[in-house]
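Working notes for the structure below.
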Amino acid sequence: MASCVGSRTLSKDDVNYRMHFRMINEQQVEDITIDFFYRPHTITLLSFTIISLMYFAFTRDDSVPEDNIWRGILSVIFFFLIISVLAFPNGPFTRPHPALWRMVFGLSVLYFLFLVFLLFLNFEQVKSLMYWLDPNLRYATREADIMEYAVNCHVITWERIVSHFDIFAFGHFWGWAMKALLIRSYGLCWTISITWELTELFFMHLLPNFAECWWDQVILDILLCNGGGIWLGMVVCRFLEMRTYHWASFKDIHTTTGKIKRAVLQFTPASWTYVRWFDPKSSFQRVAGIYLFMIIWQLTELNTFFLKHIFVFQASHPLSWGRILFIGCITAPTVRQYYAYLTDTQCKRVGTQCWVFGVIGFLEAIVCIKFGQDLFSKTQILYVMLWLLCVAFTTFLCLYGMVWYAEHYGHREKTYSECEDGTYSPEISWHHGKGSKGSEDSPPKHSSNHESHSSRRRNRHSKSKVTNGVGKK
């Protein structure tokens with residue numbers, strides 16, 4: 001009797017909710033080819049952990065205090081990553097292996113805890129920590145103190161334009177190519193690119209290196225570097241969307257060359273999802289969600305410049321580019337999870353990686369404000385309000401343009417995940433949300449046995465276009 005009272009049969013909504021959230025937070029591997037790499041090894045890891053800790057505890061020389069602290073920190077990070085592999089969720093991706101994305105999530109949690117720790121230090125303690133990491137930072141200077149910006153903008157020569165194509169210009173180009181691969185929307189990418197240039201104008205009174213000549217900002221940044229990167233990233237997206245994804249097992253490949261090729265392809269997406277951030281039937285909640293996405297994206301970019309300005313290190317320092325690479329790694333699953341939450345009517349909560357990324361963005365901003373009070377005391381509130389209004393206006397224009405384009409040129413057949421109801425059924429659920437952003441949805445099966453040959457061929461070319469629940473959310 002007690003068991004009957006304590007148990008509860010899951011409703012259809014509960015099944016839908018758990019299934020859709022699991023697909024973005026705990027994606028399962030559908031095409032296991034070598035069982036050894038996906039079988040649990042908890043006892044092996046436990047034995048390795050105990051033996052290695054015993055070895056380091058009783059054999060290493062502990063006479064150097066600084067060396068003890070440094071190696072202790074590295075050991076804590078290493079074993080925390082082991083716990084991450086054992087306990088943390090896969091996230092939306094499983095290529096090349098779920099353990100990699102568990103460690104990425106573990107590193108993001110460590111970075112979040114580190115930012116919390118920084119909030120309880122004073123500025124001198126933070127600087128001492130930086131000097132301990134790199135003694136050369138004692139002699140670092142701000143770029144704004146040794147360089148001039150937006151000087152002689154009326155002098156436009158070919159030599160001067162070419163001189164601006166440095167390593168940072170190529171960094172902008174490849175950075176925007178990667179952003180396009182993550183966002184997969186010309187409209188949003190161009191809106192973020194233009195909005196960022198407006199952000200530089202509104203925060204120029206705080207960061208002098210935001211000052212640029214008009215031709216540098218419009219031609220070199222927006223059109224060439226950002227625009228070229230967006231174009232390249234979207235070309236790759238379109239190529240991956242048109243591919244047919246069918247993965248053969250290692251056991252079915254009998255040649256050495258074939259096995260090597262399959263091993264290399266393990267580092268490529270298992271499938272590719274067609275992404276549509278906005279459509280004519282979207283509600284105001286979707287508009288507000290995309291606006292929040294734009295604000296957090298701009299905030300994360302701003303943190304990059306405020307951190308190196310307040311704590312004084314160059315853009316070429318590992319603290320700068322290392323953070324950029326790290327943020328890029330955790331952005332990939334974050335965007336995928338946020339897109340699913342925003343567009344899937346059955347997904348009622350954000351993924352854990354998305355949650356941690358949001359906290360990191362705001363914590364970085366809080367750290368900047370806490371330790372840069374002298375800088376932020378010069379803030380013009382009017383500029384900040386105008387910046388928020390400009391972001392809202394450009395976001396509205398972007399979404400209006402996307403709706404207009406969808407109404408006039410964007411007609412296409414709906415996939416299962418774009419049906420009105422979005423409810424769970426044994427046949428539809430296999431299609432409904434397996435799509436992941438550059439990740440792990442398996443090719444969908446055909447829905448009808450009496451379709452024509454041309455329809456089957458069209459479906460084969462759109463196998464990877466299953467999106468995760470674009471509904472009326």
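A Cβ is built for glycine as well, from the same backbone N, Cα and C atoms used for every other residue.
Taken verbatim from Swiss-Prot:
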type	residues	note
COMPBIAS	455-464	compositional bias 'Basic residues'
MOD_RES	ALA2	N-acetylalanine
TOPO_DOM	57-72	topological domain 'Lumenal'
TOPO_DOM	124-186	topological domain 'Lumenal'
TOPO_DOM	238-286	topological domain 'Lumenal'
TOPO_DOM	343-355	topological domain 'Lumenal'
TOPO_DOM	405-473	topological domain 'Lumenal'
TRANSMEM	36-56	transmembrane segment
TRANSMEM	73-93	transmembrane segment
TRANSMEM	103-123	transmembrane segment
TRANSMEM	187-207	transmembrane segment
TRANSMEM	217-237	transmembrane segment
TRANSMEM	287-307	transmembrane segment
TRANSMEM	320-342	transmembrane segment
TRANSMEM	356-376	transmembrane segment
TRANSMEM	384-404	transmembrane segment
Original post:
Near the transmembrane segment (36-56), which same-chain residues lie under 8 Å Cβ to Cβ, leaving out any that are not at least 6 residues past its ends?
Top reply: 29, 71, 75, 79, 82, 85-86, 97-98
**OP:** Could you check if the transmembrane segment (287-307) is in contact with the transmembrane segment (356-376), meaning 3+ Cβ pairs under 8 Å among residue pairs at least 6 apart in sequence?
**Re:** yes
Original post:
In the predicted model, what is the mean pLDDT computed over the topological domain 'Lumenal' (57-72)?
Top reply: 84
**OP:** May I ask which of the stretches 103-123, 217-237, 356-376, 384-404 has the most CB pairs under 8 A with the transmembrane segment (187-207)?
**Re:** 384-404
Original post:
Under a Cβ pair cut-off of under 8 Å, which of the recorded stretches 217-237, 356-376, 384-404 contacts the transmembrane segment (103-123) most often?
Top reply: 356-376
